[in-house]
Amino acid sequence: MGLMHRVLLLATFALLCMHAKAAGFDHDKVPRTVERGGGARQLRTATMSDDEARVSKLPSFIESFVKNRKIESWIQNKVTDDFVLSELKLVRLPGTSLADDPNFKLFQKFKIGGWLEEKATTTKAWENLGLDSLPFDQVSKIDEFKTYTQYVTVLNKKASKLDIDQWHGLLSGGSPEELMAKAMILRTLGRDVLERRVMLGGHVVVPF
């Protein structure tokens with residue numbers, strides 16, 4: 001039996017236990033509630049609502065867990081972007097944006113997780129997304145730039161946990177267009193001019 005199968009069985013068992021607990025609570029409390037009057041009835045109702053809320057939250061937790069495991073599996077097996085797009089039913093239609101689909105965030109998670117796994121540079125991400133083939137004034141208008149922005153955001157957060165002399169190796173490098181894009185992203189993330197110069201390289205002209 002595979003790991004995913006065992007996880008689903010355990011999650012289903014937990015869900016059934018929660019339902020059974022809620023049902024048992026109702027059965028035990030009914031006589032006492034009738035004897036104690038309106039005040040007790042309100043207390044019972046509030047407690048039931050808490051139990052029901054916990055039960056209703058469990059399926060979404062299971063769903064989130066399964067999705068995360070699936071993404072991890074895709075990353076480990078190095079599946080193609082086309083495979084993941086197909087699995088997530090993400091289809092680029094004329095006049096629409098993939099970013100409007102809730103599953104686009106899962107695709108971003110797959111891409112960023114893969115880059116982190118291989119310790120990819122931002123330049124590799126930039127080129128992998130095809131941003132190097134576009135005029136600079138068009139880059140920010142496509143869905144792929146949103147994914148690139150997320151990767152820079154993750155690395156910026158990682159930089160906050162490192163010594164300043166390690167920043168350069170994390171975010172430096174790239175064409176003038178990519179460096180300008182990174183500088184603009186880092187600015188929106190609250191990095192000042194000095195910090196951006198340290199991250200990108202002292203020779204880089206960064207926008208104020």
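Backbone N, Cα and C atoms are what each Cβ position is placed from, and that goes for glycine too.
The signal peptide annotation in Swiss-Prot covers 1-22.
Annotation comment: Swiss-Prot describes 41-54 as motif 'RxLR-dEER', evidence class a curator's inference.
Swiss-Prot lists 70-92 with the feature region 'W1-motif'. On the 0 to 100 pLDDT scale, the region 'W1-motif' (70-92) averages 93 in this prediction.
Sequence-distant neighbours of the region 'Linker region ln1' (93-110) (same chain, 6+ residues past either end, Cβ-Cβ under 8 Å): 67, 71, 74-75, 84-85, 143, 146-147, 150. Under the heading region 'Linker region ln1', Swiss-Prot lists 93-110.
Swiss-Prot lists 111-136 with the feature region 'W2-motif', giving a curator's inference as the kind of evidence. Taking Cβ pairs closer than 8 Å, the region 'W2-motif' (111-136) reaches residues 71-72, 75, 78, 81, 142, 144-145, 147-148, 150-152, 154-155, 171, 173-175, 177-178, 180-182 in its own chain, all 6 or more past its ends.
Here Swiss-Prot flags 137-157 as region 'Y-motif'. Long-range contacts of the region 'Y-motif' (137-157) within the same chain, counting only residues at least 6 positions beyond its ends with a Cβ under 8 Å from a Cβ of the stretch, are 97-99, 104, 107-108, 111-112, 115-116, 122, 125-126, 129-131, 170-171, 177, 181-182, 185-186, 189, 191.
Using DSSP to sort the residues of the region 'Linker region ln2' (158-170) gives these counts of helix, strand and coil: 9 helix, 0 strand, 4 coil. For 158-170, the entry in Swiss-Prot reads region 'Linker region ln2', with the evidence type a curator's inference.
What Swiss-Prot lists as region 'T-region' is 170-208, and the listing cites a curator's inference.
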By a Cβ-Cβ criterion of under 8 Å, what residues six or more beyond either terminus of the region 'W1-motif' (70-92) are in contact with it?
4, 98, 101, 103-104, 106-107, 109-111, 113-114, 117
